[in-house]
2 protein chains.
Amino acid sequence: MAEIPTAAISRLVTYLRILEQLEAQDISRTSSSDLAERAGVSAFQVRKDLAYFGRFGTRGMGYTVPILKRELVRVLGLNQTWNVVIVGMGRLGQAIANYPGASDYQFQYVGLFDVSPAIVGRQVRNLTVQHMDDLRAFTSHNRVDMGFLAVPPDRAQDAAQMLVDAGVRGILNFAPVVIQPPVEATVQQEISDEWRGVIIENVDFLAGMKRLAFYILNPHLKDAPMTEDTE
Amino acid sequence: MAEIPTAAISRLVTYLRILEQLEAQDISRTSSSDLAERAGVSAFQVRKDLAYFGRFGTRGMGYTVPILKRELVRVLGLNQTWNVVIVGMGRLGQAIANYPGASDYQFQYVGLFDVSPAIVGRQVRNLTVQHMDDLRAFTSHNRVDMGFLAVPPDRAQDAAQMLVDAGVRGILNFAPVVIQPPVEATVQQEISDEWRGVIIENVDFLAGMKRLAFYILNPHLKDAPMTEDTE
């Protein structure tokens with residue numbers, strides 16, 4: 001499974017979302033060209049993306065929606081439980097905690113953290129917001145697979161460090177900054193040990209706004225025929 | 001400027017974000033390898049992405065941070081004012097309205113809309129939330145360049161239709177569904193007129209969660225050397 005482009009993983013996520021919508025509409029069969037049209041890519045692209053992970057359909061017969069959905073759920077690791085803490089429980093953290101759909105995938109919020117006296121102690125859903133100082137003790141007693149960062153931009157790097165120090169190996173960063181593993185001063189370009197293998201993904205509202213601005217000004221680029229992995 | 005991959009636009013947005021962080025740290029020069037390391041791509045990729053839009057640096061001399069930043073701002077269309085309405089003013093819409101940084105780029109919230117009697121009439125920032133029924137009248141008297149969709153998933157398609165009917169040509173969709181232009185029943189595969197040229201970009205928390213799950217399970221794929229546009 002080497003050499004799979006990041007863009008292909010993003011597209012798998014889109015295909016899965018489309019399959020869920022088809023299932024909700026009681027549509028039981030689809031095809032690469034149907035998926036392609038709904039996803040805004042080429043049928044060739046759909047077939048290529050799926051082929052990284054196996055053979056899912058029957059040539060000329062298309063795909064069975066629930067089967068392909070189940071396979072993509074498995075490929076993406078969504079058939080297992082993910083224990084999540086949210087760091088930063090202002091408006092954004094609360095919006096994330098209440099975002100519809102997360103619980104469909106066994107993403108379980110197990111801890112909520114903040115530093116503000118006005119927020120620590122509050123109830124959000126069925127959890128009490130804890131102080132960041134208690135994060136490390138919490139992770140030493142509870143399995144935490146992911147941390148969602150919803151703090152202000154100027155706090156994001158420090159909060160990410162606290163998550164990593166507490167042993168959290170996956171971070172979904174909602175702040176509009178690039179989180180970077182600190183580089184050891186003594187060994188040039190060497191990432192500090194505790195950051196090795198930490199995965200960071202970003203959800204950036206501003207990035208979406210900027211892409212939208214670009215494509216409103218350059219709509220012909222949005223319509224360009226999709227080829228290879230470069231969609 | 002044809003044939004520019006979508007992924008390249010996303011990377012330009014990342015480079016711009018890095019340049020802002022460098023500027024905030026009073027770092028005035030950078031290079032393709034420095035940008036590459038910070039963005040987690042190859043230096044070749046950085047040079048290729050920038051080359052779509054012109055020649056920004058001096059060979060062997062790297063880039064001047066404020067100049068490259070200004071050029072990317074121009075390329076992305078962020079040197080002009082964008083008038084934005086938010087549709088859906090629950091927790092998510094409020095989090096978006098208050099997300100730090102949007103105002104750095106002349107994204108101006110000019111209208112906020114909802115359908116809930118509990119929310120319509122509320123003050124959020126300096127605006128009063130209006131009823132969706134008043135959207136069309138609002139857009140006929142005010143320039144609106146973008147609509148941000150922050151409604152529940154099962155309302156997203158209808159709300160997108162209302163935005164398009166009101167003449168809004170760019171939609172940033174925060175709901176975890178794929179918005180689709182309706183296809184005219186009479187003319188097969190023909191997109192209805194009012195949707196022609198409408199640009200839709202997505203900001204999907206769940207997609208971020210799913211990508212993170214995949215890469216936690218497959219960290220070796222995250223570390224794969226980046227080539228071409230397939231990062």
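Backbone N, Cα and C atoms are what each Cβ position is placed from, and that goes for glycine too.
These come from TrEMBL:
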DNA_BIND  A:14-53  DNA-binding region
BINDING   A:GLY88, A:MET89, A:GLY90, A:ARG91, A:LEU92, A:GLY93  NAD(+) binding site
DOMAIN    A:77-178  domain 'CoA-binding'
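Cβ neighbour count for A:LEU92 (NAD(+) binding site) (all protein chains, 10 Å cutoff from its Cβ): 26.
Here the domain 'CoA-binding' (A:77-178) is broken down by DSSP into helix, strand and coil counts: 34 helix, 28 strand, 40 coil. Filtering the binding-site residues A:GLY88, A:MET89, A:ARG91 for a Cβ under 8 angstroms from any Cβ of chain B leaves A:ARG91, in order along the sequence. Of the binding-site residues A:ARG91, A:GLY93, A:GLY93 has the largest number of other Cβ atoms within 10 Å of its own Cβ. Taking Cβ-Cβ distances under 8 Å and a sequence gap of 6 or more within the same chain, the neighbours of A:GLY90 (NAD(+) binding site) are A:ASP114, A:SER116, A:ILE119, A:ALA150. The number of other Cβ atoms within 10 Å of the Cβ belonging to A:MET89 (NAD(+) binding site), over all protein chains shown, comes to 24.
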